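Among the features that TrEMBL reports, transmembrane segment is placed at 12-31, 43-67, 79-98, 110-134, 141-161, 173-194, 215-232, 252-275, 280-301, 307-326.
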Amino acid sequence: MEEKMSKGLKRMLLLLNCTMLGLGNVGGPLLSRLYFLKGGKGVWISSCLETAGWPFMMLPLTISYLYRRRKEGPGTKLFFIKPPVFVASVVLGLLTGVDDFLYAYGVARLPISTTALIISTQLAFTAAFAFLLVKPKFTAFTINSIFLLTLGAVVLALHTSSDRPANESKLRYFMGFFMTLGASALYGFVLPAIELTYKKAKQTVTYSLVMEMQMVMSFSATVFCATGMIFHGDFKAIPREASEYELGQSTYYVVLVLNAIFWQMFFMGAVGVVFSASSLLSGIIIAALLPVTESLAVLFYHEKFQVEKGLALVLSLWGSLNYFYGEFQENKKIKKQNQALETEIP
């Protein structure tokens, strides 16, 4: 059961979460790749950073609590989350931890422009799992956009060897490709699963509850990845990596911190968009920002941009525009229907 909110407030929340999702979706992958390009080698370290920013959630949650306390008095609840939603959040967090590792492995082996194009398939996975779990309304434009985005990834998959880094073996390169595809599929499941949790929660789903859920998910994912770091000996490797980092020791730690901040923005923005709109829109925004990530990867990291990447990019853009045009037409149609109903009422 979702909290009833005014249209203005819901739009403001949607805009805020779209902004966070956008910044995180572009900045997170670029910073993750920077870590590996300049001497970082820890896949578990990189995966842990994707959710290690969960303590930052304490600030907005504290502000929310103080605001409610001023209105409701000393009896104000500190947390909204109830045991069933808490358990669901832990499970979703562990799945996110697995997803973090798969994605980090891919970023370590592939150019970021290739990784971004593979991640665009997430929309197809999100749509498929959303259809099974939350039954959204699919229009011809939605189906067409999913088809185009998936086709773009297929084109890329057929020509993967052309952008393999010189120091990367073919086996590790292909492992990176399929690990990234696995990450895309898994997060394509997680987003509709979050939406389903909102729908099935036997409590009012407020934005504060959404933040609490995200904090639990991020903490669970961080515990999963930190466990991997312990078994792999990555905590001991951090000082050595810092001393050998090409950009300097202090910059190494700045890169780690910024990684955590931008990825936390991504995850908070993603679940916030699911709350304010739908899991499908969250997937669409991730796919639509592909050109920005592509352009910045070519600009900053001088990555190759072959014909097949260009074709995949065009298909991805075409697919994203298809979706947004379809949504625009659907909203116009609903507006006209509402206006017609208002004129019929005496």
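In case you wondered, yes, glycine gets a Cβ from its N, Cα and C as well.
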Return yes if the transmembrane segment (307-326) and the transmembrane segment (43-67) have at least 3 CB pairs under 8 Å (sequence gap of 6 or more), otherwise no. no
Can you tell me which recorded stretch out of 12-31, 43-67, 215-232 has the most Cβ pairs within less than 8 Å of the transmembrane segment (110-134)? 12-31
Please work out which recorded stretch in 12-31, 43-67, 79-98, 173-194 has the most C-beta pairs separated by under 8 angstroms from the transmembrane segment (280-301)? 12-31
Ranked first among 12-31, 79-98, 173-194, 215-232 for CB pairs under 8 angstroms with the transmembrane segment (43-67): 215-232
Same chain, outside the transmembrane segment (215-232) by at least 6, Cβ under 8 Å from its Cβ: which residues? 42, 44-45, 47-48, 50-54, 57-58, 61, 81, 86, 89-90, 92-94, 96-98, 100-101, 264, 267, 271
